[in-house]
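Copied over from TrEMBL, here are the features:
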type	residues	note
BINDING	B:Asp26, B:Thr36, B:Asp66	Mg(2+) 4 binding site
BINDING	B:Asp26, B:Asp66, B:Asp200	Mg(2+) 3 binding site
BINDING	B:Asp38, B:Asp66	Mg(2+) 2 binding site
BINDING	B:Asp38, B:Asp112	Mg(2+) 1 binding site
BINDING	B:His45, B:Asp252, B:Tyr299	substrate binding site
BINDING	B:Gly111, B:Asp112, B:Arg139, B:Ser202	ATP binding site
BINDING	B:Asp203	Mg(2+) 5 binding site
DOMAIN	B:25-131	domain 'PurM-like N-terminal'
DOMAIN	B:143-286	domain 'PurM-like C-terminal'
Protein chains: 2
Amino acid sequence: MSREAAFIAALRGLARHPAARGLLDDAAVLDGLVLTHDMIAEGVHFLPDDPAGDVAWKLVAVNLSDLAAKGAAPAGVLLGYALAADSRWETDFLAGLDAVLAAYDVPLLGGDTVSLPAGAPRTLGLTAIGRTEGPAPSRTGARPGDALYVTGTIGDAGAGLAMAQGLIAADPVLLAAYRRPTPRLADGRALAPVVHAMMDVSDGLLLDAARMAEASGVAIAIELEAVPLSDGYRALNGDGREARLSAATAGDDYQLLFAAPAAAALPVPATRIGAVTAGDGLSIRHHGEAVAPPARLGYLHG
Amino acid sequence: MSREAAFIAALRGLARHPAARGLLDDAAVLDGLVLTHDMIAEGVHFLPDDPAGDVAWKLVAVNLSDLAAKGAAPAGVLLGYALAADSRWETDFLAGLDAVLAAYDVPLLGGDTVSLPAGAPRTLGLTAIGRTEGPAPSRTGARPGDALYVTGTIGDAGAGLAMAQGLIAADPVLLAAYRRPTPRLADGRALAPVVHAMMDVSDGLLLDAARMAEASGVAIAIELEAVPLSDGYRALNGDGREARLSAATAGDDYQLLFAAPAAAALPVPATRIGAVTAGDGLSIRHHGEAVAPPARLGYLHG
């Protein structure tokens, strides 16, 4: 077990309140409010030369994505900002923050600003607060007989990361998928009354599906050929087995992954990519042929 | 203007929502919930050799103190934790976290754990959520004719910091005031219906009083001889003018500073230390004699 996993396991022992949902979910639910907090560090979650405005956008968007997975509408954010030594970076950060808050009509409600010792990497925290009208889906509710769905396309942000790292030529659409992801807020609100379990795809489709299976106490089977790919992704990588495995393990998609009754009519477009059955664990097939799960199912920080 | 002040001023320009209260307050108020987020960094807000359990205690206690100033009862916390390279530190931190959450009956609801690059200072964030039953006092409501009060005693944590730094011999009570402060939660709830303005004393009594005066658009006059000192503080520093100025500028007290009608009956013990009048700015007297405000009214990080 990694040190990060060991620390989280110890924290779970302290989180005995029902609203904490055993820290298994990406968000807590309290008095009809959904609360989520993410922290990002330079050199770990963003690159030192990523544009500061994009870092601000992504910090807010990934937290709003957690709200989307709970069917919540954003009500506000609190920012924890550690100042480092580059004023230009901060000016650009503030412009990106203003843009993303305006794009999703989310108020900045408060937070804290601190100064770091010289040379320390930037560390930023964001708390997002959302309101739900109905029950907030968790990742623990998938049931045998459910179908597994995902919104949008998978793998675009992973290709965009390779572009941001200068490994391949940049495509603006894929780069934007990595740097300025779109939280699926309207989809999440529409889906919340229909689904049995929902979460956002942050660390990789396969890894997040495995987490849903474990949290729900069920088995999940994924049909790799059904995983939706964008035209841009196909143009770059094709749509063979390896291209699909790469897309399904890259992470940073911020699409919604959900389990719903197989006969349910869905209120928004989504792609059926698999099935929930009794048992445990994740299995993968490609045109009916079993595929051994890759050693790395997704992106694990640290 | 410091870079931190300039950044906060720019953030205020983005915080146009009424619930943000122009970022002038320590907490936001939304749907009857009070929300506050503080961030602390090693080498800035705590010493590298401060006991980890005390760091956890203080991180939670200072956020609960912000809730106390709004008359709110704590409903939960979200923790943003950046792992560094010392497992023993983390074990001790978790023990302190468990202790402070149990002491104030506060659930850990969620958060995020990230790993930092090697050598980076620890940075920790905490979001505290509280519930209010009545209106939440702000620091903007002080009115001419109000009296100014403070709970408890002032200066103990400042003396404790000097002890933690090894500058003077340690006294367990004063050291605990620095390392394990007590948020005045019950006092805050009792006072909220009575006060016109309230805030906690975090950066120094004089600095925080000056902030209340500015936010409320009034003048505040403080009678230095009335500032309440503990027996331990007097034994160490006496209670002359310099000792009192030192206590009133040290910070980390986490007492409640409030303005209330001069004739109001207070529901909890507090000491009257001054008066609110028309005008602006802070004035200080000692036994009727004007005292020039010291250049440093309190502790400004960074």
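Yeah, the Cβs are placed from backbone N, Cα and C, and that goes for glycine too.
Caution: TrEMBL annotation is automatic and unverified by curators.
Reported as a whole number, the C-alpha separation between B:Asp203 (Mg(2+) 5 binding site) and B:Tyr299 (substrate binding site) equals 5 Å. Taking the centroid of the Cβ atoms of B:Asp26, B:Asp66, B:Asp200 as the Mg(2+) 3 site, the other same-chain residues with Cβ within 8 Å of it are B:Asp25, B:Ala27, B:Thr36, B:Val62, B:Asn63, B:Ser65, B:Leu67, B:Ala68, B:Ala69, B:Lys70, B:Met199, B:Ser202.
Considering only the binding-site residues B:Asp66, B:Gly111, B:Arg139, B:Ser202, B:Asp252, the residue whose Cα is spatially closest to the Cα of B:Asp38 (Mg(2+) 2 binding site) is B:Asp66. Of all the Cβ atoms in the protein chains shown, 29 others lie within 10 Å of the Cβ of B:Thr36 (Mg(2+) 4 binding site). Closeness to chain A is evaluated for the binding-site residues B:Gly111, B:Arg139, B:Tyr299 by Cβ distance, with values under 8 Å counted; counted residues in sequence order are B:Gly111. Rounded to a whole number, the C-alpha distance linking B:Ser202 (ATP binding site) with B:Asp252 (substrate binding site) is 5 angstrom. Per Cα geometry, B:Asp200 is the residue among the binding-site residues B:Asp112, B:Asp200, B:Asp252, B:Tyr299 nearest to B:Arg139 (ATP binding site). Around the Cβ of B:His45 (substrate binding site), a 10 Å sphere holds 20 further Cβ atoms from the protein chains shown. Cα distances from B:Asp66 (Mg(2+) 4 binding site) to the binding-site residues B:His45, B:Gly111, B:Asp112, B:Asp252 are smallest for B:Asp252.
Sequence-distant neighbours of B:Asp252 (substrate binding site) (same chain, 6+ apart, CB under 8 A from its CB) are B:Ala157, B:Gly158, B:Gly160, B:Leu161, B:Ala177, B:Tyr178, B:Pro181, B:Ser202, B:Tyr299.
When the alpha carbons of B:Asp26 (Mg(2+) 4 binding site) and B:Asp200 (Mg(2+) 3 binding site) are compared, the span between them is 9 angstrom.
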